[in-house]
Ligand SMILES: O=C(O)[C@@H](CO)OP(=O)(O)O
Ligand SMILES: [Mg+2]
């Protein structure tokens, strides 16, 4: 395939900040577009977004330079060349940028082109994206709904960032989505009954004025029951404390507490006995590698331990972490690394080591649903895309409904097995 044209456009993300959308056209037909998300609680070692120096009229820093890099550097280098596959295109992107963290052209510029190319290639073949990426993909991921927001994603006093409901015990993806939405509404009624705010955070989850993570966990369990589901059978819990956010001078400071790494691990162990928790992401800071090793030894057989900031979807950082016995699952965020090929490589490295995979959105999102198809193509068995409300979150969840319907009898819902462990 030969690339005929690549255009980029500065658009706004779900927080009203600039990001970019790339459209790539192939010679002889086939066009694809992709929009790039943006995180707020970013890991230290994520690939660098290209942002302009000055805050623009949107209040956030623009991506005009990233747009120019797509149109003036990347497009001329790719146009007219014949490519046989995605890996070749991504290799040229890496070569053009030639920095370890994509800071020259910007991981946002590279990813936009990389994903748009995948879409264009699928369109040319007349295939749905998930099928084009992996021919017999048929595993529908368990959706993890972030229904209570804290940390960097909300202005409430809750230090832990994400409290997710995981309807892993439902029979199909569509039933899981329905359960998530019903629990979300039940939670709203519960909060209203208690006179608490139902305003929402960046990912569409509620952000009431609570401070203690245990209060949030209790609310989740009550909401599941109120919606008529069984906690620990139909619906489970996943957490993303995003512990970098409350790590101060070697201690974890939240809700009036100051805990050592070992004490926080003990607290998590206690919660595993009290709440139906299936998954714990970034339970400790990325800097606290000894703590991570201890956490993994202590709880890794009982619960999924996901590395997000810890691994930043980077195959090399993941390899180091695996060698040190850190975590047992990888959070997959394409924009942390910058190309589709490297995202696959990270996922494959994780799989090879027996680590599980959770596909993930960013807190700043667009209506692009690429990660829904990618989750199916990779067979991650898990996806988190925020609350079951707000368009940019539902773009992914609703896309998965279409995929499940289109796969028909071949569709399989990953269910509880996707999380391993005993919980
Ligand atoms: O920490 C996370 O997992 C993400 C997505 O939920 O947040 P952000 O995109 O702000 O890094
Ligand atoms: Mg995270």
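Positions of Cβ are set from backbone N, Cα and C atoms, glycine also.
Listed features, source TrEMBL:
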{"type": "DOMAIN", "residues": "3-133", "note": "domain 'Enolase N-terminal'"}
{"type": "REGION", "residues": "28-62", "note": "region 'Disordered'"}
{"type": "COMPBIAS", "residues": "47-57", "note": "compositional bias 'Basic and acidic residues'"}
{"type": "DOMAIN", "residues": "137-421", "note": "domain 'Enolase C-terminal TIM barrel'"}
{"type": "BINDING", "residues": "161, 333, 362, 363, 384", "note": "(2R)-2-phosphoglycerate binding site"}
{"type": "ACT_SITE", "residues": "203", "note": "active site, proton donor"}
{"type": "BINDING", "residues": "240, 281, 308", "note": "Mg(2+) binding site"}
{"type": "ACT_SITE", "residues": "333", "note": "active site, proton acceptor"}
Any idea what the Cα distance is from residue 384 ((2R)-2-phosphoglycerate binding site) over to residue 308 (Mg(2+) binding site), rounded to a whole Å?
12
Around the Cβ of the residue listed as 'active site, proton donor', the count of other Cβ atoms that are within 10 Å
31
Neighbour count first, Cβ atoms within 10 Å, every protein chain included; then name which of 333, 362, 384 tops the list of binding-site residues.
384
Candidates 161, 363: member of the binding-site residues with the richest Cβ shell (10 Å)
161
Taking only the Cα atoms, work out how far the residue listed as 'active site, proton donor' lies from residue 363 ((2R)-2-phosphoglycerate binding site), in Å, as a whole number.
6
Near-site residues: (2R)-2-phosphoglycerate, ref 161, 333, 362, 363, 384, CB cutoff 8 A to centroid
39, 41, 162, 203, 240, 308, 360, 361, 386
How many helix, strand and coil residues does the domain 'Enolase N-terminal' (3-133) contain under DSSP?
51 helix, 29 strand, 51 coil
How many neighbouring Cβ atoms, not counting its own, are there within 10 Å of the Cβ of residue 281 (Mg(2+) binding site)?
27
Can you tell me which of the binding-site residues 240, 281, 308 is spatially closest to residue 333 ((2R)-2-phosphoglycerate binding site)? Compare CA atoms only.
308
Cα distance (Å, whole number) from residue 362 ((2R)-2-phosphoglycerate binding site) to residue 281 (Mg(2+) binding site):
14
Quick check: with 240, 281, 308 left out, which same-chain residues have Cβ atoms within 8 Å of the centroid of the Mg(2+) site Cβ atoms?
161, 162, 239, 241, 242, 280, 282, 306, 307, 309, 331, 360
Measuring CB to CB from residue 308 (Mg(2+) binding site), give everything in the same chain under 8 Å that is also at least six residues away in sequence.
43, 240, 242, 281, 282, 331, 333, 360
